[in-house]
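Reviewing the structure listed below.
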Amino acid sequence: MKQDYTIPHPQSVFWENDHLVLLDQRKLPRETVYLHLYTPEEVWDAIVTLAVRGAPAIGIAAVYGLYLGVRHVTGREEIFFSELERMVDYLSSARPTAVNLSWALNRVKTKVESFKGRPVSVLRQAVWEEAKAIHEEDVRVCRKIGEHLLPFLHDGMGILTHCNAGGLATGAYGTALAPLYLAREKGWNLKVYADETRPVLQGSRLTAYELMQAGIDVTLICDNMAGAVMKQEKIQAVIVGTDRVAANGDVANKIGTYSLAVLARAHQIPFYVAAPSSSIDLATETGDGIPIEERPAEEIVSGWGKPTAPEGVRVYNPAFDVTPAEYVTAIITEYGVIRPPYRENLRKCLRQTMTV
Ligand code: MRU
């Protein structure tokens, strides 16, 4: 089931006949390899090893993984629900920081629970329908985020982004990159600067790649160049995605985002966070409560083929950081633009029932 809309970048997650297909993001940009997955264990592994990554994309992959896990379950309803619960816990454990993962899995679980008492075949079908709905909805959500961000941009503007919050990280369009695709549709020429994003290089391998595929003007910089580029007045806005927004507006995103926010403040550059409502976690009071994933040392000392540090060196490799809400100019969701005070306005936003 490839999407029937035209998107300006490769599609990273889709269902084909009876299985899940993922564009292997570990291999980009050099090789275009598709993984064909038939079991929840394969999906779990793809999430852990970053074959699929980006908060919305891992949520989508996980719910298809959930379907793969329960589609052959037969027998009593209790057996179905206990297997569903086990699979939700298992797939949620793949990565801790992006709340979209557990949000998506629990949304499917809640939906299927509303069908209690119906035959197991109906319950299995309900898992499939909700997984598909989450996937299709994400495309509309991302486009809406782009529409709400577009008024902050203008032709010729310089934008800095970090990591990859693009089409590859979502159902389509991305969150932070969505307005860039919409600006392109309008014929604007934005000058995008992509941070390389050490240690796994999502900025250079993925953001630069997908923007170039779409014919968007992108310039790659190393992470430690951001301050100098801002000082040279090449940047008029920073736009990033997020893995989780706490109730007070603190924002978890790829490691290095916090430094960028501080730099943006020092240079009086607006710092925008593109966040689908599925990334907003009102149950977590502040950024201090957001679990930060630590990844293997190899990503830093020998990530890309060659050793880059003395053998045995101690390494600290947090994959995400938290930007305090005070540095965030606005959070842009599918429902619109949220400004401080975030504690109050995030709640108001989530109360909306608007369908996108
Ligand atoms: O470790 P990754 O590549 O999954 O980290 C991804 C990010 O930090 C993205 O900015 C975030 O998930 C938003 S994607 C729309």
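Indices start at 1 and increase along the chain as displayed.
Here the Cβ of each residue, glycine as well, is placed from N, Cα and C on the backbone.
Please treat TrEMBL annotations as automatic predictions, because they have not gone through curation.
From the candidate list ARG86, ARG95, ARG107, ARG143, the residue TrEMBL records in the substrate site shared with ARG53, GLY54, ALA55, GLN202, ASN253, LYS254 is ARG95. Surrounding the centroid of the Cβ atoms of ARG53, GLY54, ALA55, ARG95, GLN202, ASN253, LYS254, where the record places substrate, the chain contributes additional residues within 8 Å, namely ILE58, THR97, ALA98, CYS163, ASN164, ALA165, ALA169, GLY241, ASP243, ALA319, PHE320. Using a 10 Å radius centred on the Cβ of ASP243 (active site, proton donor) and all shown protein chains, the other Cβ atoms total 31. Taking the Cβ of ARG53 (substrate binding site) as reference, residues of its chain lying under 8 Å away and at least six apart in sequence are, in sequence order, GLN25, ILE47, ASN164, ALA169, GLN202.
Rounded to a whole number, the distance between the Cα atoms of ASP243 (active site, proton donor) and ASN253 (substrate binding site) is 5 Å. Taking the C-alpha positions, the distance from ARG95 (substrate binding site) to CYS163 (site 'Transition state stabilizer') comes to 17 Å.
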